[in-house]
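Beneath this line is the structure, given in structure tokens, with notes to follow.
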Amino acid sequence: MGKPLFYEILEKPATSCIIGICSAIWFYIQKKNIGYQHVGLSYETAMEGHYWRIITSAFSHISVLHLVFNMSALWSLGVIEQLGHLSLGVAYYLQYTLVLVALSGIVVLAIYHLFIQRFKVEYFRRVTAVGYSCVVFGWMTILSVKQPSSKLDLFGFLSLPISFAPFESLIFTSIIVPQASFVGHLSGIIVGYAIAWGLIHGMNNYWVVSMLGWIVVVFVFSLKRSGAYDFNFIEIESVTDSSLPSVRFLGTGRTLQMSAIAVEGVEVV
């Protein structure tokens, strides 16, 4: 017999919290009847300034089966929290989960941009991706490099050698689930290898707090600027130069002018 669930939760605290967050968000989406188009990430909405969707798309799921599949894989990958002797562990897991969430979404948009601008494939302009699979595939890839002898357990009965799991799962989901986002899953694998091979490294509490701070700032102001949510204490207006956005904090009278930034169907992930 395995360990009681309570003890496994204690051994995987970060994984358990993320599963709880994703489950709560799924329940809220279902209760409020929110459509995937309202929270998902697409090239078109990103170019309209909806950068907040990089975060909301990662934690949103469109069906209970979608949620169960992703969370089952994530639960199995939670073993990373117990591998402190391999320089992994809980802190590493939390730090690089943040990296995977942010960078996977950016890589997805970069690939969409390449297909649209270079190869003129307009399909990728409006396709909308939702789901935590980018992060799941990222951790799957990291574990396959750090501990290739591990196995990935799905649904309690399907076991895959972790060394082949990223690409096995990539092909399997693309065949079995036509709506599965090949680009989203591939993006997670790309970022996962970048982390596992040390191309992205050096994350510590300082960089996590700094990165999290910038994510919150971009999230809030892109929500406000896109009109998706009205933050009454923030007003965005043009000052002196209509091409440069500015931010005014109501009640303080202070205005911050920002520099210019040049910007060149649903899929589940």
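Start at 1 and count along the chain as shown; that gives each residue its number.
Heads up, the Cβ atoms here are built off N, Cα and C, so glycines get one too.
Per TrEMBL, the features are as follows:
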- 49-200: domain 'Peptidase S54 rhomboid' (DOMAIN)
- 12-29: transmembrane segment (TRANSMEM)
- 50-73: transmembrane segment (TRANSMEM)
- 93-116: transmembrane segment (TRANSMEM)
- 123-142: transmembrane segment (TRANSMEM)
- 154-175: transmembrane segment (TRANSMEM)
- 182-200: transmembrane segment (TRANSMEM)
- 206-223: transmembrane segment (TRANSMEM)
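Within the chain, the transmembrane segment (12-29) has long-range Cβ neighbours (under 8 A, six or more residues past its boundaries) at 39, 59-61, 64, 67, 70-71, 74-75, 77-79, 81-82, 90, 93-94, 97, 132.
This prediction places the mean pLDDT of the domain 'Peptidase S54 rhomboid' (49-200) at 92.
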